[in-house]
Ligand SMILES: N[C@@H](Cc1ccccc1)C(=O)O
């Protein structure tokens, strides 16, 4: 049987005592109360000891009682004066008694037979009796009771009752009655047997210190075992916001797949990069393929170098050298300079292509984007997109579908993928992809396509670029088990603390 140091010590002491008051056991073991109680309870649960508890009546000494114990009960003080002087007047007694004590004193002295009382010149005179003289050196039961109370502070009522009725102690305000639980610990047969078999009493430690190792003392100690099943208080250490964790994991996955991350310093973009560089005509309803916000102040940003702007302009107006006829309108640089909160992460792909890319190369961005909408459980005006593209000489539409499928499986954990024809001004062909989730059913996953030459050529890219954009929030909702998209950004502490960190 596994016993702790404290349990062993308690049991060994108990073996000698057989049955002991809890307080005595505490004294014997030299441990503190809590430790002994814990040990006793464990011993009890192991059938080695028994804890008996009973309510007992006790009498506790009062402040007045303490005072009397020191200076003597009023009648004793009066008796002393009486014996010294033979007879005294009531007034004389004031020397040794207070007003309160004076009042009942004649009654008490008479009852005890210590004094006789008569009137002399209208004054009460007390004269000591023989019994009174003898009484000076004798202890009455009440004196004994007071002494006992003064010594112990509290005494079991049963013990005092053998001397005086408790009523009397109470009426004289020497003691007050109370009840108290008395605990007794008893060793069982099994406990005795165990001690007789011999218990090795090794000191128990819970921390292995450098000192223990250096001194070699670790050999002589017992290491405390931890109960890892014991319930403990929950702690909530600082941790990343659950949605952040989810996005970080997607980032990690893409990096593992060989993608290079594109980042932006600002959430604000020029229309040039959000629209124009993506071959979206300024005067065409296609520009409204999504509603966007505009910045009031500052209203305008700056355009990239002129050469690039000229090419984009040419592409829009007449197709430049791409063989396309373009959109056939007059391109306005002022409009391209308007500032807006970025409306899609594809703007970062355009920027990256303009800066130059590795060929073959793979790029991605995780970007907060903004579009006007009515807020509800499934719509936010800001959300996150994961966009990316792959550049290589020999890429075809089939590659695009293959890569998208892999994403759906790797990132979304989808089982089936479905492609539908779609339209974006910057891709041709364009597809919309849905992924099948066991619980969610078919979920629209994102758009994709091959960037149009009218877009890539002005940016200086002459090879095929396949691109995609994925709305990540709905996926996160599903993964995090929430049905209100606003929770992704919630500061509800309970949710933040308890949300599982998922991938
Ligand atoms: N930017 C598009 C998605 C997309 C990205 C890249 C290519 C094609 C489509 C959207 O926000 O819906």
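Note: Cβ is positioned from N, Cα and C throughout, glycine not excepted.
TrEMBL annotates 346, 385, 386, 387, 451 as L-phenylalanine-binding residues; of 419, 426, 478, the candidate listed for that same site is 426. Residue pairs drawn from 346, 385, 386, 387, 426, 451, the listed L-phenylalanine binders, are separated by up to 18 Å at the Cα level.
Taking every protein chain shown into account, 346, 385 are the binding-site residues, and of these the Cβ with the most other Cβ atoms within 10 Å belongs to 346. Annotation for the binding-site residues 387, 428: lowest Cβ count within 10 Å of the residue's own Cβ, 428. Listed in sequence order, the binding-site residues among 346, 386, 428, 451 whose CB lies under 6 angstroms from an atom of ligand 1 come out as 346. With respect to their backbone Cα atoms, residue 386 (L-phenylalanine binding site) and residue 428 (Mg(2+) binding site) stand 20 Å from each other. With respect to their backbone Cα atoms, residue 451 (L-phenylalanine binding site) and residue 428 (Mg(2+) binding site) stand 6 Å from each other.
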